[in-house]
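Heads up: the structure comes next, in structure tokens.
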Amino acid sequence: MGLRHILRIDNPDEKKILTTRCHPVRMPNPSLKQLVADMFETMHAANGVGLAAPQIGVTQRLAVIAIPPMMEERPDGTKVEVAPEQTFVLINPEIVKASDQEDVGLEGCLSLPGWYGEVPRAAWVTVEYTDLNGRRQRIRRATGLLARALQHEIDHLDGVLFTERIRDLSTLKSYSEEEAPATTG
């Protein structure tokens, strides 16, 4: 199928789907590989870091994340990759442990393009999920952008939008495409 339409918070019919708690994915599921491929393609086309299934109208507990490679600039100005891209297919994910310490950071969403706000999240999380091969996996004490993306995407699966996590709505700002930070799903 390829690119999918990303539902938007500002469309009342689409917001209804985005705020619905998703159903668990039943395994095995032969159509899952194509859906996951479509999700990655859609997420990359929208310059996102993560995408949850409800954002494309599928109310199942499925999300994809692609943390960009870490680059370092050399003294001569060239950039070199110091850590590769990290990709995850998260089927029926759940946060099993979370830090009591908060990390407040700028966050956006593909369902509200161009808008970002300061969102408090746990500084680290441990997440259990099923991978595309049907095996249970665990991401232990994820931090930084990965921790933020995991929490953001799992919120989508629970019908929670990032705007509901913002404590001070005055931090919700519109940015042009050029100045926008990386966007989670």
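Using the three backbone atoms N, Cα and C, a Cβ is placed for every residue, glycine included.
The annotation Fe cation binding site is assigned in Swiss-Prot to CYS109, HIS152, HIS156 on the grounds of sequence analysis. The feature active site is assigned by Swiss-Prot to GLU153.
What Swiss-Prot annotates, mapped onto the structure for a quick look.
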residue	record	CB count, 10 Å
CYS109	Fe cation binding site	28
HIS152	Fe cation binding site	26
GLU153	active site	26
HIS156	Fe cation binding site	26
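Annotation note: GLU153 (active site) sits in a helical segment as assigned by DSSP. Under the DSSP three-state reduction, CYS109 (Fe cation binding site) is assigned to strand.
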